[in-house]
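Q: Sending over a structure as structure tokens; questions will come in a sec.
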Amino acid sequence: MERIVLLCLVSTCLLAVHAQKLLFSPKWVPVGYKEREVRGDLTAMDEIIKANEIHAPQFIDSASSLRDGDIAVSTGRRSKVCFARICLWSKSVDGFVYVAYRLSPNYTELESRMIKRGMESIERGTCVRFVPRTHQEDFIDIKPKSGCWSYLGIRGGRQTVSLQNPDCLRLGVITHEFMHALGFVHEQSRFDRDKYVTIMWPNIWRDRLRNFEKFRTDTLDLPYDYSSVMHFGMYTYSQSGEPTIIPKNSNNIRLGQVTSLSKIDKLKINKLYDCDDMD
Ligand SMILES: [Zn+2]
């Protein structure tokens, strides 16, 4: 009898400790980040999450907050041409889509060069051209605010792309944020993603479950792109180090990308903006 009482007491204590852990768990840190970095297995999104979970608040200011880890959302009014809920930069008569930008003077020369490399990486094989702002009303204002984030598509007027130095100044991160500014959501947010990947809900850090919601946008009739720079990694937001996204029908597929755009990412740009392939 005493033994049973003792056992009950011990299990109650363990339960209480567990509950306390859940309720008062310290700030989440990216589990297994170091190991994956050593293995060379990180994605641009892993870099972004690391920077944002440490630096970026979930609310950028009183009118904007972050969705899906790094997409700034505000309640502002839209007046642009929009397609499938995303507003597009306009195409010039010469067939190019010019995106005017202003680069903060707070970046060093080396950092500015890195950001420009990101722009060139998007321009190669696509109809997008980044041009320093002269008189344009609509432009992206690239600055080292807290974390790495961007608004989705064109907003009209000045819109911030935050690339904090040095954490966000990696090619994959820079191109990822520019892709958001051009109007692309994360690849695994596609509404047909369940045909291609399994979301392992129990393994996801519970405070960030919403970052795995689907987004009703156009797939542009392009194949699901496992290696998109816009794809979360296999362990993104893992609570315990277990995978949060598993590709269906294959063990050999790598999710995401750390360096730059995939071939399909470039096709996506040309299709969304109705440009010819420029290879
Ligand atoms: Zn993103």
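Note that Cβ sites are derived from N, Cα and C of the backbone, with glycine treated the same way.
Residues or ranges marked as active site by TrEMBL: E177. According to TrEMBL, the feature Zn(2+) binding site maps to H176, H180, H186. Residues or ranges marked as domain 'Peptidase M12A' by TrEMBL: 78-276. Look at TrEMBL and you will find 1-19 tagged as signal peptide.
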Q: Going along the chain, which residues six or more apart from H186 (Zn(2+) binding site) have their CB under 8 A from its CB?
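A: In sequence order, M45, D68, G69, F215, M230, H231, F232 meet the Cβ cut-off.
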Q: Can you give me the residues near the recorded Zn(2+) site, meaning same chain, not H176, H180, H186 themselves, Cβ no more than 8 Å from the center of the site's Cβ atoms?
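A: Other same-chain residues near the Zn(2+) site: A44, M45, I48, D68, D70, I71, S150, E177, M179, F184, V185, V229, M230.
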Q: Counting Cβ atoms within 10 Å of each candidate's own Cβ, which of the recorded positions H176, E177, H180 comes out highest?
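A: The most densely surrounded of these recorded positions is H176.
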Q: Return the average pLDDT for the domain 'Peptidase M12A' (78-276) as a whole number.
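A: Mean per-residue confidence for the domain 'Peptidase M12A' (78-276): 93 out of 100.
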